[in-house]
Amino acid sequence: MRSYTLIAPAKINLYLEIIGDRPDGYHELIMILQSIDLADQIDLQASVTDKIRVRCDNPQVPSDNSNIAHRAASLMAEEFPEVFAKYGGVDITIHKNIPVAAGLAGGSTNAAAVLIGMNLLWNLGLTQIELEELGAKLGSDVPFCVAGGTAIATGRGEQLSPLPSLDAIYLVLGKYRSLEVSTAWAYKTYRQEFGSSYIRDANSLVSRAEAVHSGSMVKAIVHRDAAQIGQNLHNDLERVVLPIYPQVLQLREVFASAGVLGTMMSGSGPSVFALCESQQQAEQVKFHVEKTIPDEDLELFITRTTTHGIQVRSLV
Ligand code: C5P
């Protein structure tokens with residue numbers, strides 16, 4: 001019986017700009033995505049049954065088909081029915097470290113790990129591009145989680161262009177355990193409140209009226225200039241999430257007052273990160289936040305940017 005252990009990193013959004021709505025109900029985006037070394041562990045084991053089973057040590061995470069990792073395995077079974085019939089089912093065990101519903105792609109990276117792991121388990125020989133295409137059927141962030149590192153993502157987030165990698169920039173990440181933000185709610189609310197600022201250009205494409213600033217962030221990444229990266233952080237979804245969640249706004253303000261390189265909500269939130277100059281500064285900032293917001297509900301992590309995506313750790 002073969003098994004694989006995979007390490008599945010979370011992501012943060014260094015940049016998220018909503019440039020328009022789309023007829024399919026999604027939004028046209030420009031994002032800059034970055035893997036971080038806060039990661040889940042996924043164990044995959046070929047099963048003697050013909051079932052796909054998911055277990056997770058975090059009770060917030062469902063084990064049925066509403067779990068995107070389960071859907072990833074079902075997708076592989078649908079795409080490769082003969083291989084599924086030959087090898088049978090798969091047992092998936094998720095050891096959760098990434099906060100759930102936090103804007104950190106915790107579910108998407110689990111799904112990416114299942115795709116990569118089942119490609120190995122079933123000897124499918126799929127390329128990274130093919131795995132990214134399968135990932136796009138599961139969720140907009142899954143292709144990036146398959147690729148990892150640093151990338152610019154357009155379309156609904158599934159079209160990727162790699163950027164020079166950013167290694168070992170320290171950050172402090174904060175998430176209130178009891179707060180969860182639905183990504184669908186955040187985008188829907190954005191469309192209701194700010195959709196009128198989109199303009200239609202000569203080709204009838206919908207785009208936002210304001211200027212695009214992603215170029216400054218790309219330049220900062222190319223120069224590996226952490227201070228400039230901190231200055232150019234951007235996330236349009238803050239416009240809908242921060243007014244509803246004052247704790248998230250407060251956390252962002254406390255980070256900013258600690259003299260970090262920059263601070264921003266990740267994805268649809270509610271996690272907030274602060275980029276730091278060094279590990280020492282990250283430790284000081286974490287200590288400062290713990291003293292200023294003495295709330296048991298607030299979970300704080302020190303983590304770093306990383307250059308890789310899913311890592312396959314062992315084969316038994
Ligand atoms: O693709 P994913 O399932 O992760 O997206 C979750 C929800 O976020 C979608 O159902 C959609 O409502 C919203 N979304 C969007 N535009 C995007 C990505 C996600 O409106 N580009």
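Every residue gets a Cβ built from N, Cα and C, even glycine.
What TrEMBL says about this protein:
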ACT_SITE  K11  active site
DOMAIN    67-149  domain 'GHMP kinase N-terminal'
BINDING   P99, V100, A101, A102, G103, L104, A105, G106, G107, S108, T109  ATP binding site
ACT_SITE  D141  active site
DOMAIN    217-291  domain 'GHMP kinase C-terminal'
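What TrEMBL annotates, mapped onto the structure for a quick look.
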residue	record	CB count, 10 Å
K11	active site	31
P99	ATP binding site	24
A101	ATP binding site	19
G103	ATP binding site	29
A105	ATP binding site	28
G107	ATP binding site	26
T109	ATP binding site	31
D141	active site	30
Cβ-based neighbourhood (8 Å from the centroid) of the ATP site, residues P99, V100, A101, A102, G103, L104, A105, G106, G107, S108, T109 excluded: A10, I98, G267
Spatial neighbour of D141 (active site) that is closest, considering only the binding-site residues A101, G103, T109 and their CA atoms: T109
Rounded distance in angstrom between the Cα atoms of K11 (active site) and A105 (ATP binding site): 6
Overall pLDDT for the domain 'GHMP kinase N-terminal' (67-149), taken as the rounded mean: 97
